[in-house]
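Scroll down for the structure; my scribbles are underneath it.
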Amino acid sequence: SVGFKAGVKDYKLTYYTPDYETKDTDILAAFRVTPQPGVPPEEAGAAVAAESSTGTWTTVWTDGLTSLDRYKGRCYHIEAVVGEDNQYIAYVAYPLDLFEEGSVTNMLTSIVGNVFGFKALRALRLEDLRIPPAYSKTFQGPPHGIQVERDKLNKYGRPLLGCTIKPKLGLSAKNYGRAVYECLRGGLDFTKDDENVNSQPFMRWRDRFVFCAEALYKAQAETGEIKGHYLNATAGTCEEMMKRAVFARELGAPIVMHDYLTGGFTANTSLAHYCRDNGLLLHIHRAMHAVIDRQKNHGMHFRVLAKALRMSGGDHIHGGTVVGKLEGEREITLGFVDLLRDDYIEKDRSRGIFFTQDWVSMPGVIPVASGGIHVWHMPALTEIFGDDSVLQFGGGTLGHPWGNAPGAVANRVALEACVQARNEGRDLAREGNEIIREASKWSPELAAA
């Protein structure tokens, strides 16, 4: 009988299509699939494709009202993971029409919205996404990008230096502003609100913004350099967030900050649009990322969150350090650092990059190295991250035995010494400690650090 038949059927009959030629407009995903015992990998891969696109658990008569061939996700390739028992990489292609233009929120809802709780899978991890130009062009992307930021700040040929103001909670606004001033006066380019500083009883946001702006202008006048403080605009509602961003602009602040995962992509994209329209730089913190990306076999790899952020919009994003207190492997980290900064990134599995990604001149995002780093790490950081980065020393600045400003001086001297040594052709990896020692002869602040 040709007619409609109800009943449960295998996904792989419809959604596993190994001979499919991927289109240039498809969004491609690489999933790490761990099927339940007894579930063949093709069925598991097809189930992922189905549940994250057009499928449901049974045949429904309304399937006849649409063209599945046009709209279904397809699992087009499966490979076993070397060295892992019962783990596979399933490659899925999604037709562009499944996604709303300019909405990271909708893209993630579709691709990772429902399928991660699926019974046939023991675990599932989204390792990488290929965003086609046809889709990325519907996004504004970062408000300004790397070159525009350098021109705004008038700082070239070196990484930028930042510092998170500690203790992160408990300072009054006036004392907070004082710490900001000391760090900037000492030689840092930026200071930063901690990600959990929003507007608490001991320091309301407006007071903090005012004192930080005062610190900025004073440090700028005394050093002749442009300074910034990441004013955290993250709030409980989008309206309140925008209110804070507007106030930052009225104070003449150059940069605001947002926690993009806890704040959400919808809020983040709105803020990014405001920042471009009003000449504010946007610093992005990735609070909550480890909840999503730390498990090796379940969740989402940070490189996906990084790509999503570049589409949603941000000028800086925290991306691990390779050397500090938080986890991050060197090649993998450099992989997503390139995905953030570069225009065109070749597929390279050794760096965790599953697809060639062409951003077609979408502005880049500056990676921020932050967390447990101090002056002895400076040569390594300069070498690993290169010029287009922000190196952030929190305790590494404020923990200086002589105080905040000397701590800032020590960091700036160390950075300038490393950049000069690199430009003279010296090997930072080998001679790093020696370079820092030489510099400390001329800088008592660095010697004390």
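Here the Cβ of each residue, glycine as well, is placed from N, Cα and C on the backbone.
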Open item on the list: Among His77, His318, His400, which residue shares the substrate site with Asn114, Thr164, Lys168, Arg286, Ser370 according to Swiss-Prot?
Closed with: His318
- [ ] Report, in whole Å, the straight Cα-to-Cα distance of Glu195 (Mg(2+) binding site) from Asn114 (substrate binding site).
- [x] 29
Open item on the list: Using other CB atoms within 10 angstroms as the count, which residue among the binding-site residues Asn114, Thr164, Ser370 scores least?
Closed with: Asn114
TODO: Specify the secondary structure state of Glu195 (Mg(2+) binding site) as given by DSSP, simplified to three classes.
DONE: coil
Open item on the list: Can you name every residue in this chain, apart from Lys192, Asp194, Glu195, with its Cβ inside 8 Å of the center of the Cβ atoms of the recorded Mg(2+) site?
Closed with: Thr164, Ile165, Lys168, Asp193, Asn196, Val197, Tyr230, Asn232, Met257, His285
TODO: Looking only at C-alpha atoms, tell me how far Asp194 (Mg(2+) binding site) is from Lys168 (substrate binding site), rounded to the nearest Å.
DONE: 6
- [ ] Compare the Cα of His318 (substrate binding site) against each of the recorded positions Lys166, Lys192, Glu195, His285 and report the nearest.
- [x] His285
